[in-house]
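Taken verbatim from TrEMBL:
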| type | residues | note |
| --- | --- | --- |
| BINDING | 84, 85, 86, 87, 106 | substrate binding site |
| BINDING | 107 | Mg(2+) binding site |
C-alpha cells in the first residue's frame, strides 16, 4: 500500500455502488469474527472447500502466498476447526495477506499474535480430520455469497467485500 491510507470498506461500497448493483462487488454477510493482528487486508483469492478436514489448507499455506487471501469453505461446520495457530503462523511467514474460514478456527490466542488477517465464524477447540478430502480452485458459496478463485477480497472492521475486479484505493 502507498503512503495514503486505504479506503475503508464502507467507502469502497460508496465509490463502487454500480458494482454492487450489477453483482461484481459482493459483501459477505456479517457473520464473521475478527482474528489476527491485521484488521485490514486484501488480496487475490485462492479457494478451497473442505468439510472438517484441513490437509488441502496445509498444502496451500505451505506455499508462498504473494499477498493472496485463502478462502476456506468449511461448509459452515461448527464441529471442527480447520485453521489453528500453527497454520496462521505458517501463512504469516509465507506471505499470505489473510485467511477467511466459513467454519471455525482454534488456538485463537496464537492466531491473534500473527501479522495476518483471519476471519472465521467462530472458534472451536476440536481439531479437524486429516484425510485430504476436499476440492481446490473451485467456485464456493460463503454464507450464501459466491466466491471464485481469482476474485479479489477486501476486509476491514466493517466487513468483507468480494470483487470480480481489482478495486483502486485498497
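Cβ coordinates come from backbone N, Cα and C, glycine included.
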Whole-number Å value of the largest CA-CA distance among 84, 85, 86, 87, 106, listed as substrate-binding: 10
Whole-number Å value for how far residue 107 (Mg(2+) binding site) lies from residue 86 (substrate binding site) (Cα to Cα): 8
Spatial separation of the residue listed as 'Mg(2+) binding site' from residue 87 (substrate binding site) - C-alpha basis, Å: 10
The one of 84, 85 whose CB sees the fewest other CB atoms within 10 Å, among these binding-site residues: 85
For the substrate site built from 84, 85, 86, 87, 106, further residues of that chain with CB within 8 A of the site's CB center: 81, 83, 88, 89, 105, 107, 110, 111
Residues satisfying Cβ distance under 8 Å from residue 106 (substrate binding site), sequence separation of at least 6: 81, 83, 84, 85, 123, 124, 125, 126, 127
Cβ-Cβ distance under 8 Å to residue 107 (Mg(2+) binding site), same chain, at least six residues away: 84, 85, 86, 88
